[in-house]
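The ATP binding site annotation in TrEMBL covers K15, R16, K17, S18, G19, K20, D21, R139, Q178. As annotated by TrEMBL, substrate binding site applies to N168.
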Amino acid sequence: MATVEPKLILLFSGKRKSGKDYVTDLIHQRLGPDVCCILRLSGPLKQQYAQDHGLDLAELMGPGEYKEKYRADMIQWGENQREKDPGVFCRLAIKGAQQPIWIVSDARRLSDLQWFWRVYPSQSRCVRVEASEETRRERGWEFTAGIDDAESECGLDQGVNFDWIIKNEGDGSHLEEQLATGLLSIAKEKAKEN
Ligand SMILES: Nc1ncnc2c1ncn2[C@@H]1O[C@H](COP(=O)(O)OP(=O)(O)O)[C@@H](O)[C@H]1O
Ligand SMILES: C[C@@](O)(CCOP(=O)(O)OP(=O)(O)O)CC(=O)O
């Protein structure tokens with residue numbers, strides 16, 4: 001099925017356990033599956049990695065220790081693929097998307113953002129989910145050298161002027177209010193463009 005030209009692309013990034021999946025799931029629930037879809041750059045990466053290495057894809061896609069066991073090698077494997085073709089996982093992730101709003105839940109590198117800025121310059125907005133290390137630890141994060149100090153986690157720490165920053169501390173008591181305000185602001189901006 002051909003990919004439909006989107007009207008808006010929200011490119012989410014954030015540290016491990018900052019709440020990227022949690023927040024994007026909430027937005028997806030709010031807007032509904034007819035209006036928006038969640039696209040994961042890690043989806044096609046994990047699919048190919050699992051196939052190449054004879055691993056359990058469902059486990060790799062899950063939140064547990066299995067993914068963490070292979071994360072470092074997946075990162076290296078993925079970067080090797082990106083060196084050959086920077087947009088490879090972006091193209092695969094959007095394949096067949098039909099909804100007008102795309103939520104990319106896991107942008108990690110400038111090359112990810114640059115691909116969307118180049119191919120969909122007027123539709124792409126960068127969103128950062130932020131949480132303190134304390135909150136992230138409460139959610140099960142532990143600093144891991146070679147991962148939390150590498151491009152996969154730090155690639156967007158500098159040099160990006162985010163269109164929207166979402167603070168997702170603790171139980172996210174102010175999260176709903178931020179989502180309502182942020183989505184309304186983007187909708188108003190898009191309405192002015194058209
Ligand atoms: N605002 C929140 N309230 C309650 N639980 C949250 C909140 N944000 C994240 N979580 C939980 O924290 C864990 C990590 O969130 P997740 O979205 O998987 O992080 P990321 O995708 O950034 O690694 C998950 O168990 C998720 O349900
Ligand atoms: C190799 C990866 O794609 C693995 C990403 O897996 P997830 O997207 O499941 O990670 P978190 O949700 O942040 O815990 C990272 C990369 O550098 O491409």
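In case you wondered, yes, glycine gets a Cβ from its N, Cα and C as well.
Predicted automatically and left uncurated, TrEMBL annotations should be read as such.
Look at K17 (ATP binding site): DSSP puts it in coil. The closest partner of N168 (substrate binding site) among the binding-site residues, by CA position, is G19; the full candidate set was K15, K17, G19, D21, Q178. Look at the binding-site residues N168, Q178 and count other Cβ atoms within 10 Å of each Cβ; Q178 has the fewest.
Counted within 10 Å of its Cβ, the other Cβ atoms near D21 (ATP binding site) come to 17, all protein chains included. Largest Cα to Cα distance within the recorded ATP binders K15, R16, K17, S18, G19, K20, D21, R139, Q178: about 21 Å as a whole number. Ligand 1 lies within reach of K17, D21 from the binding-site residues K17, D21, Q178, judged by a C-beta closer than 6 angstroms to any of its atoms. Sequence-distant contacts (6 or more apart, same chain, Cβ under 8 Å) of G19 (ATP binding site) comprise V129, A131, R139, N168, G172. For K15 (ATP binding site), the Cβ neighbour count at a 10 Å cut-off comes to 20, with all displayed protein chains included.
Within 10 Å of the Cβ of K17 (ATP binding site) there are 20 other Cβ atoms, across all protein chains. A coil conformation is recorded for the residue listed as 'substrate binding site' in the three-state DSSP classification, outside any helix or strand.
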